[in-house]
Ligand SMILES: NC(=O)C1=CN([C@@H]2O[C@H](COP(=O)(O)OP(=O)(O)OC[C@H]3O[C@@H](n4cnc5c(N)ncnc54)[C@H](OP(=O)(O)O)[C@@H]3O)[C@@H](O)[C@H]2O)C=CC1
Ligand SMILES: O=C(O)CCC(=O)C(=O)O
Ligand SMILES: [Mg+2]
């Protein structure tokens with residue numbers, strides 16, 4: 001491909017990253033343009049995905065293409081070069097809010113049918129399901145995951161350690177998980193002998209056959225699992241834990257991933273709310289049903305629904321809810337100032353971010369009085385909860401980690417092609433009646449996997465493709481070879497699914513030259529312990545994990561090592577040959593938007609974007625022979641290093657350098673590095689004037705950027721902001737804008 005047709009796709013997403021993009025994209029375009037690279041926007045925000053799904057409800061001018069589907073197709077092409085920023089994985093509350101905002105702006109997409117009755121409503125619900133929860137990443141992640149802290153970032157953290165609260169050996173903080181009746185306990189797994197089409201069906205005790213999923217096509221060598229969570233066991237577990245927290249005087253806190261596990265975890269969450277507020281639900285349950293209250297979406301949903309009742313009734317319900325709170329254990333808070341508890345909305349307590357924050361805070365979370373307290377962290381599924389208990393044990397024994405000396409734990413994650421639990425939402429069902437849940441071959445009628453289930457149980461099938469595992473093993477070996485670090489595959493032979501994976505790992509390791517490499521397979525708890533023993537000694541260890549631990553560990557270790565997962569380099573080498581460069585490993589930081597709107601300060605750190613862009617440019621250079629792209633990439637890395645050295649990352653405090661100021665410094669250093677390099681005279685000449693102007697006007701520009709802070713900023717919406725307003729707010733320095741325009 002000729003250099004002048006090079007293309008990098010830059011995603012527009014939501015919340016803080018969306019805002020940051022409005023400042024950064026003009027900068028990216030100005031630099032990439034110098035290498036003949038076109039930077040193309042692709043809007044995959046939750047609002048745009050809603051519009052893309054419902055064109056028939058929109059005027060021609062309002063219609064939006066289904067960009068996510070198009071981008072998904074692009075990931076299957078070898079020349080794909082995509083920069084993917086974090087996006088909202090919308091909980092139902094967020095989806096409903098986004099729909100409301102669109103409708104208020106005259107985009108008359110249908111209302112969300114919360115309790116679909118008619119066929120038409122059911123169809124709408126199904127279509128909205130495509131936008132709900134983790135709907136973007138599974139479509140785009142056509143490759144496995146390579147997340148790590150680049151050396152410059154790790155070194156910066158060592159020199160400028162973030163705060164870590166102390167851990168006491170006497171801390172009573174602990175993790176509580178089920179020991180029976182959960183997904184781990186009853187899992188069954190097999191590797192497909194040949195390609196098969198299967199159905200998922202329930203044969204009820206009363207003799208009915210209910211087809212839950214008519215057809216799933218499976219490939220030869222694919223691993224499938226059948227597992228269920230017993231409702232009875234779950235409910236008994238909650239009763240016991242809530243009681244235990246009360247009796248032992250410890251705060252209660254629930255941690256789930258209701259966004260990614262968009263079918264199972266909202267149900268798991270909802271049962272906890274119903275048990276915690278049992279007396280209120282017993283008293284008002286019928287009314288709640290009539291109102292269509294669904295606490296799987298948190299108490300926010302309940303408080304929203306009761307608004308239609310007379311005030312006196314609302315007060316009575318609120319009193320009864322509070323009475324439960326009075327007699328139960330204290331609840332951990334998401335926002336104690338606003339009285340928002342862990343039960344408010346499941347998207348507030350996303351486990352990968354919430355558990356590391358608690359561990360970093362010395363094993364404490366905020367109580368209703370705004371004080372940090374020890375907690376019982378409840379994570380019903382035992383499959384992965386145990387790793388958190390292990391790290392908590394470790395902290396109690398060794399004290400908090402020291403960012404100055406601790407080693408690093410990069411991750412190679414099995415993620416491609418909707419691997420494992422995270423790809424299971426379209427194969428997850430709440431069982432309507434007692435019976436037998438079967439995965440059955442459509443052609444031969446053979447029952448491949450069978451489970452005895454009861455009404456209310458959550459049953460699911462997970463799959464992982466052979467090619468994905470093969471690619472994952474290759475990536476792990478390559479990363480070990482390139483970094484010199486040992487690799488530990490976190491796989492538990494007692495878990496049927498992972499036992500199948502272990503067989504494949506052992507087979508595919510033989511395809512590679514592993515001489516001199518240290519590659520081991522350990523169950524999760526041992527792997528955690530082993531890794532931590534190395535971490536405290538300053539030694540580095542690659543974790544090669546399945547999809548869920550990829551998610552958990554790539555927030556956990558970065559938050560300990562770097563203070564945030566925003567500073568991670570996150571690469572998805574696409575299996576078809578292209579590359580997707582995710583920015584950071586964290587989310588879209590909703591709190592940051594609030595601060596911008598109230599005080600015009602954006603604390604979002606775009607370091608993840610800088611790191612991603614450098615590898616994207618490098619990849620473009622390698623694949624297309626575009627030498628200028630490679631020079632841009634090297635210069636960008638150098639600029640990022642200088643940015644860290646000079647402490648030009650955004651400050652969380654209003655009035656100080658924020659995202660925009662940090663991006664200005666990156667631009668200055670990038671231009672200076674390009675002007676100073678001697679490999680390409682044309683590039684040097686092009687960027688020298690910019691470097692000069694920015695350096696001469698440094699104080700003026702920073703003053704212009706900081707002067708706007710401290711006052712509210714109107715971005716014209718939350719899910720569907722006004723782009724003109726956002727651009728104006730994110731680019732407030734006329735001097736900087738004018739300078740940039742000279743190279744654009
Ligand atoms: N790849 C993706 O698309 C991902 C999307 N998400 C989505 O993001 C939303 C929010 O998720 P949540 O679990 O709250 O996680 P977030 O990572 O958004 O929030 C946790 C905290 O991480 C910190 N943080 C994350 N990124 C940055 C950054 N670039 N700069 C500075 N700080 C950062 C902030 O901490 P502090 O304020 O203390 O600095 C933030 O409050 C959800 O909709 C979720 O589904 C989540 C993960 C990945
Ligand atoms: O896709 C999502 O919902 C979140 C992704 C995530 O948390 C991650 O990949 O680390
Ligand atoms: Mg995550």
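Cβ from N, Cα, C; glycine included.
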Practice task
Quick one: which of 320, 335, 348, 352 does TrEMBL put in the Mg(2+) site with 551, 555?
Solution key: 352
Practice task
Sort out for me which one of 136, 139, 140 has the most neighbouring CB atoms within 10 A, since those are the binding-site residues we care about.
Solution key: 136
Completion exercise
residue 551 (Mg(2+) binding site), DSSP three-state class -> helix
Fill in the blank from the handout: residue 137 (substrate binding site) falls, by DSSP collapsed to helix, strand or coil, into helix
Completion exercise
Among recorded positions 138, 139, 140, 147, 257, 422, close to ligand 2 by Cβ (under 6 Å) are none
Exercise for the section: Starting from the Cβ centroid of 352, 551, 555, which together make up the recorded Mg(2+) site, report each further residue of the same chain whose Cβ lies within 8 Å of that point, ordered by sequence. Expected result: 350, 351, 353, 356, 550, 552, 553, 554, 556, 565, 585
Fill in the blank from the handout: Spacing of the two Cα atoms, residue 137 (substrate binding site) and residue 422 (site 'Critical for catalysis'), in whole angstrom, works out to 10
Exercise for the section: Could you check the binding-site residues 551, 555 and say which one's CB has the most other CB atoms within 10 Å? Expected result: 551
Problem - Spatially closest candidate among 136, 138, 140, 141, 147, the listed binding-site residues, to residue 352 (Mg(2+) binding site) (Cα to Cα) - result: 147
Handout entry: Secondary structure of residue 147 (D-threo-isocitrate binding site) (DSSP, helix/strand/coil)
Key = strand
